[in-house]
Amino acid sequence: MEELEHTCPQLVTMLTEPAIFAKDTSCECRAPHEKLSIAQARRGTPMDRPVRVYADGIFDLFHSGHARALMQAKNLFPNAYLIVGVCSDELTHKYKGFTVMTEDERYEALRHCRYVDEVVRDAPWTLTQDFLEKHQIDFVAHDDIPYSSAGTEDVYKHIKEAGMFVPTQRTEGISTSDLITRIVRDYDLYARRNLQRGYTAKELNVSFINEKKYCLQNQVDRMKEKVKTVEEKSKHFVYRVEEKSHDLIQKWEEKSREFIGNFLELFGPDGTWKQVFSERSGRMISYAMSPRGSPSNSPPRQLSPSRSPSPPSCWPRPRPASPSSPKEASASFSSMSEEDENDK
């Protein structure tokens, strides 16, 4: 932007400030105003002698179709200066009909279009030679469709005959009449919209009955919107629950696989637990089969004096005393017999 300011300050001013209004006096040009042909204008002119192109209209509800027409007019020639004439409310209401925007609103809308260099207020309905000379207009730009109005078949007929007319193309699908048709077609919708935004029934020219009807319809629409919002939230909640449950199932499957793998690793046919058990069993069996001996430095085991070792069986058995009486001899014999049987 700074480089552009140094190289072309006039262009920066044109892009950052609105277009000027035409003066009541005649146009003041630096170079002498000589009549140009279309071929000369297309080849290019000096910077101090721009090609002055004029485009006029009503420009009510300024839209993209208007802007595209002005863009074409601005780019007809390499060095073009675009002058836009806007008709007043009085002329427009007389020859075309009632407008939505006032003339001052339409003037300001044109001033802030990037392609416009100058705005002529209260432009004439039919261009006269005096008007063309006053503003030193070289060419007039408009679509080529004959514009019948003010008792003539084409208000641009004399401009075309003079070789000053340069055609532009209309933008299909968009026009002021189309926009008004949409509003009229959906009048109830826009009336309800503005009532909801705080406009009064009097401002909208709505009857008392229609006002109540629109208010009821607005309430019904709000209820529908609430129900729709609840349904969307419910769907979102169900979706989140399904998503969470899917994640939980997936995690459970992963954990279960991990648990089964760990269990088989411990208790399977070749598991760690079996190896540990086998090692311990082998150690216990080997210990039982060959117990370790007593250490060599352990003290000898001593017997308590109360317990004496039993005599070995090879020791001579003491002979009983001879009986002193026949009864004692009989008892001794019977006891010896029992001992013999026990020994057997």
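Note that Cβ sites are derived from N, Cα and C of the backbone, with glycine treated the same way.
A quick note: this is a predicted structure, and the numbers were derived from the prediction, not measured.
What TrEMBL lists as domain 'Cytidyltransferase-like' is 54-182. Residues or ranges marked as region 'Disordered' in TrEMBL: 287-344. For 290-307, 324-336, the entry in TrEMBL reads compositional bias 'Low complexity'. What TrEMBL lists as compositional bias 'Pro residues' is 308-323.
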For the domain 'Cytidyltransferase-like' (54-182), the number of residues DSSP places in helix, strand and coil: 45 helix, 26 strand, 58 coil
Mean of pLDDT values spanning the domain 'Cytidyltransferase-like' (54-182): 94
